[in-house]
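Student: Before we start, here is the structure in question, set down as structure tokens.
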């Protein structure tokens, strides 16, 4: 069996920044540091931060007064920001800047009196945060659609004053079809010049397609609640390549590789490389050879840290 590695894979700039915000807050202010929702959707990362003194909560009413709270990479609604400000909580915002870009778009549509359609998955924290940017007090509304069926059934107040945005971690192929359906049904609809799916999501989806084309089975390292990791598994499966979403080497089953010659490995944007290395080691213990990295797009994007948490140069 030969191992092939997707490129790029694993951490993106937004995830790097979010994790570093929690780490730096722990170093500068000491534990406990409260984090609203898992800072990124990865079990290994969250447990490591919890051991270091991060306390993960789902709502601000679980946060005591006079403590530091961090908003997760997925972003929060304006109502959550207002609640934090009203309580005087010291907040560091780990929202991915590419999610913030979508928030700004939604807020602008709301101010302009345009209704907004969000393409995304119900219940995902990024979707909840993005929908919470729309101020419906001026009579408009924001709608959530997941697929073409939702578009066909959608009823809006004014189809001539309508715009769309998208969750950043969706399947590019699925989203393209939904956008086409929206433009067919609502010819006057506005939106971003390109969909809001982030560069890292696009790059990892392109890479997993290449991997699935060249391999007999694909392993996606990522947690079950990671949207972008699930999309990678689905993309490989759509190319008729068996694919498995795993948290790490402990989830591997030897029977998956019976008769397999080429094993592809990728990782979601919130999965650290140490987990990939653990998977490679286990496969090599079962007789796999090599770990050849495919050619792919170079990523050199970085996002700045909050001023108080920046490492000071000497």
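A Cβ is built for glycine as well, from the same backbone N, Cα and C atoms used for every other residue.
On a predicted model such as this, the values are computed, not experimentally measured, just so you know.
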Student: For the [4Fe-4S] cluster site that Swiss-Prot assigns to 96, 198, which of the candidates 12, 116 is also assigned?
Tutor: 12
Student: Of 41, 124, 168, 226, 227, which binding-site residues are close to residue 198 ([4Fe-4S] cluster binding site), meaning a Cα within 10 Å of its Cα?
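Tutor: Cα within 10 Å of residue 198 ([4Fe-4S] cluster binding site): 168.
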Student: Looking at the binding-site residues listed here (74, 96, 168), whose Cα lies nearest to that of residue 126 (active site, proton donor)?
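Tutor: Closest recorded candidate to residue 126 (active site, proton donor) by Cα: 74.
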Student: So for residue 41 (isopentenyl diphosphate binding site), how many other CB atoms are inside 10 Å of its CB?
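Tutor: Neighbour count, Cβ to Cβ under the 10 Å cut-off: 29.
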Student: Given the recorded isopentenyl diphosphate site (41, 74, 124, 226, 227, 228, 270), which additional residues of the same chain have their Cβ within 8 Å of the Cβ centre, ordered by sequence?
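Tutor: My list of surrounding residues reads 40, 126, 169, 225, 229, 268, 269.
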Student: I'd like to confirm something. Which of the binding-site residues, 12, 96, 168, has a Cα closest to the Cα of residue 124 (isopentenyl diphosphate binding site)?
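Tutor: Closest candidate to residue 124 (isopentenyl diphosphate binding site), judged by Cα separation, is 168.
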